[in-house]
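Everything below concerns the one structure shown next.
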Amino acid sequence: MKRPCEETTSESDMDETIDVGSENNYSGQSTSSVIRLNSPTTTSQIMARKKRRGIIEKRRRDRINNSLSELRRLVPTAFEKQGSAKLEKAEILQMTVDHLKMLQATGGKGYFDAHALAMDFMSIGFRECLTEVARYLSSVEGLDSSDPLRVRLVSHLSTCATQREAAAMTSSMAHHHHPLHPHHWAAAFHHLPAALLQPNGLHASESTPCRLSTTSEVPPAHGSALLTATFAHADSALRMPSTGSVAPCVPPLSTSLLSLSATVHAAAAAATAAAHSFPLSFAGAFPMLPPNAAAAVAAATAISPPLSVSATSSPQQTSSGTNNKPYRPWGTEVGAF
């Protein structure tokens, strides 16, 4: 007869049976079976089994932690909050559930789009930079929340963030509703000068000479030179004052930044699509801009002040240099807005 050992575990492959002999055997055989039960070999097997169980448990915990780390990195809400405080496992799982519900509500097209995901992470990074700027002003510069310089700077950065998000949303909707076809690059730049020059109050007759022709009017080989001329003319028209009045030669920040960032982003996307569909060489006249370069151009345009603002702020910077104060160029620029 076989009787199972008392030291059993939940693992079925580790179960063992020990032969204790028949009932009609003499007592010496049962004594030997008890000795076998308490032998060093059985003790070592039990210890090895416990060690294997600990290793398996550690691997299971490591898999759970790695999966939670991936969820914290992939879910935008959890990624935004991971710098401020340590997230618990329950919070990460709850954010993941909310994110999946949002994807289900939008038909599964939300963050599976690479462009939408990139723009979302860019806006999150801009908000994080805004938080760090506010912390720097309070801890290093010693400016409290009621200081007018800090209020203007934080308000300006918040406005820029809102405008960038609105421009990104507009360009994303235009990208989904109007897919690029082989001749879409000329149509994308067709209305660029008019969109840039209308806020300055110029007439339609002044903006028509710099209008781009379509592909039927101009050969594709000269398209790059025309695009470069268009950007140069638009930039000069934005910065040159009108002859009639000295007042507002530059559009407000809310309109110029929104229109310029949207048009530059659309221009970069159209030029990238044209590079894949046309056997042209743009190396000589028009450099190819990836989407991240377009975002950098929009950011540089938002940071750089207009010509009139720089001219008025230069005496203030000279006077501040004579007083041995720290050089803060953004102080006067933000005040102009």
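Here the Cβ of each residue, glycine as well, is placed from N, Cα and C on the backbone.
These figures come from a predicted structure and were not determined experimentally.
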- Item | Per Swiss-Prot record, range annotated motif 'YRPW motif' [choices 91-94, 263-266, 327-330] | 327-330
- Using DSSP, tally how many residues of the domain 'Orange' (122-157) sit in helix, strand and coil. 28 helix, 0 strand, 8 coil
- Note on the structure: The correct DSSP tally for the domain 'bHLH' (48-103) reads 48 helix, 0 strand, 8 coil
- Taking all residues of the domain 'Orange' (122-157) together, what is their mean pLDDT? 85
